[in-house]
C-alpha cells in the first residue's frame with residue numbers, strides 16, 4: 001500500500017510540535033517579577049549573613065521564613081495556613097509495593113557439606 005500525503009504531513013507537524021525551544025525563544029521571554037517573599041528574603045539575607053557568619057544557608061532560610069510569617073509585607077499574615085492535600089488520591093488508592101520474598105534455601109545448600117558431622 002502506498003503512503004498517503006497526510007502521513008508525511010502529520011509526521012512533519014508532529015516533529016515541529018515536539019521540537020525543543022531554542023535559546024533565542026527563551027531570551028525573548030520577559031523575566032517574571034519577584035514575589036513579595038523573594039524581595040523579603042533578598043532584603044533580610046544580607047543582614048542575617050552578617051550577623052551569623054559561617055552558618056549554613058538552610059538555617060538562614062528557616063529563620064527568615066519564621067520572620068516572614070509575621071512580617072507586615074506578608075499578604076497572608078494572620079490567616080490560617082491552607083490545609084495540605086493528601087498525598088494519595090481518595091478515589092483510587094495506589095497498590096502498595098510488596099517486598100520481594102526470599103526463596104527458601106534450596107536442597108543443594110544442604111548437600112554442600114557445610115554442616116557435616118562425619
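Each residue, glycine too, has its Cβ placed from N, Cα and C.
TrEMBL does not curate its annotations; it predicts them automatically.
Annotation source TrEMBL lists DNA-binding region at 30-103. Per-residue pLDDT, averaged along the DNA-binding region (30-103), amounts to 82 for this model.
TrEMBL lists 1-12 with the feature compositional bias 'Low complexity'.
TrEMBL lists 22-31 (among others) with the feature compositional bias 'Basic and acidic residues'.
Counting residues of the compositional bias 'Basic and acidic residues' (70-83) by DSSP class, helix then strand then coil, yields 0 helix, 0 strand, 14 coil. Taken from TrEMBL, the feature compositional bias 'Basic and acidic residues' applies to 70-83 (among others).
According to TrEMBL, the compositional bias 'Polar residues' annotation covers 108-118.
The domain 'HMG box' feature in TrEMBL is assigned to 30-103.
Per TrEMBL, the feature region 'Disordered' maps to 1-38 (among others).
Feature annotation from TrEMBL assigns region 'Disordered' to 66-118 (among others).
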